[in-house]
């Protein structure tokens, strides 16, 4: 029953107080089971049917899908339950205690993005869900901050095909219809060690990597010249060399060298296309030194994402907000949800607060966010 639902600020407080950190380092990684249980119970109190699914390949992580209403289509409101780790020495407040000060709500996940679920739950108090003409779905995912395993698994396994979806990432309530993707790779060169006094008796992995880097930088120039999307502040794919390590002593021929790099592709580019371009760029090194160069993924790749600017969802949301959609350089779960239905990224709070010490959401977002959620439910579920 709706009267069992706690007040807005208490919902928010409980979500922030329930740790759900995602991290690649096992010691820091946490299950989101307790948070999913909180959300599931509250949506059940509102009359929703709730399904909780374990996400394969994770450390006890779960997705939750709450649904109400009958028929095809409808609206999906989606978000992730996890947060990044925090640096205790840089926070001046308890990350797991919601505190309000000077028009700001502080806490880990206030903006990115536990708060979105508090807004949805609180708004639904004022919605007569028994009168919906189309279904309303609420999706809470796992591990967005690391592998995006929750969104990937949901998109691969669900039969749902809503009319549209909104992902409530912090966009300062400015609708986002496109973003770049992200690919990160480790380039490894296996040489042959030996004493530096006789270089011919070894294969110097650093020298081979020097050759490989030249070809990678040529690929970077080719990407910049060949691909453009003027709406982005950086209107071409970027390629960054982020980390390199090789060798162990000045008097030893380097036996191994490893380079970490990333590419941020435009929405029009496929992951297979990018992998092909990278392999082609490195082919001269591989052919000259067979078996000594390998390319491995550091993280599961994320494709670029775009909702067409003339799509009905874009037009409706732009009209409701009185604001044009934007494109951004950071990544979200949108590429995976977009495989099910047209998707926008739109939510309260600023992306500038995400992953920051003393993360906060400004209270000025409370009223317009509630109004927006009511408006999109009315438009997509009652018409």
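Backbone N, Cα and C atoms are what each Cβ position is placed from, and that goes for glycine too.
Residue 82 (active site) falls within neither a helix nor a strand when secondary structure is assigned with DSSP, and so counts as coil. Cβ neighbour count for residue 82 (active site) (all protein chains, 10 Å cutoff from its Cβ): 27. Residues or ranges marked as active site in Swiss-Prot (evidence: sequence analysis): 82 (among others).
If you look up Swiss-Prot, you'll see 144 (among others) marked as active site. For residue 144 (active site), the same-chain residues that are 6 or more apart in sequence and have a Cβ closer than 8 Å to its Cβ are 22, 80, 82, 150, 151, 332, 333.
The annotation Zn(2+) 1 binding site is assigned in Swiss-Prot to 80, 112, 169.
Residue 112 (Zn(2+) 1 binding site) carries neither a helix nor a strand DSSP state and counts as coil. The Cβ of residue 112 (Zn(2+) 1 binding site) lies under 8 Å from the Cβ of 83, 84, 169, 170, 349, 351, 353, 354, 355, 359, each of these being in the same chain and 6 or more residues away along the sequence. The Zn(2+) 2 binding site annotation in Swiss-Prot covers 112, 145, 355, and the record cites sequence analysis as its basis.
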Among 145, 169, which are binding-site residues, the residue with the most C-beta atoms within 10 angstroms of its C-beta: 169
Candidates 80, 355: member of the binding-site residues with the richest Cβ shell (10 Å): 80
CB-centroid shell, 8 A cutoff, Zn(2+) 1 site 80, 112, 169, site residues removed: 79, 113, 116, 144, 145, 167, 168, 170, 332, 347, 354
Beyond the site residues 112, 145, 355: chain residues whose C-beta lies within 8 Å of the centroid, for Zn(2+) 2: 83, 84, 113, 354
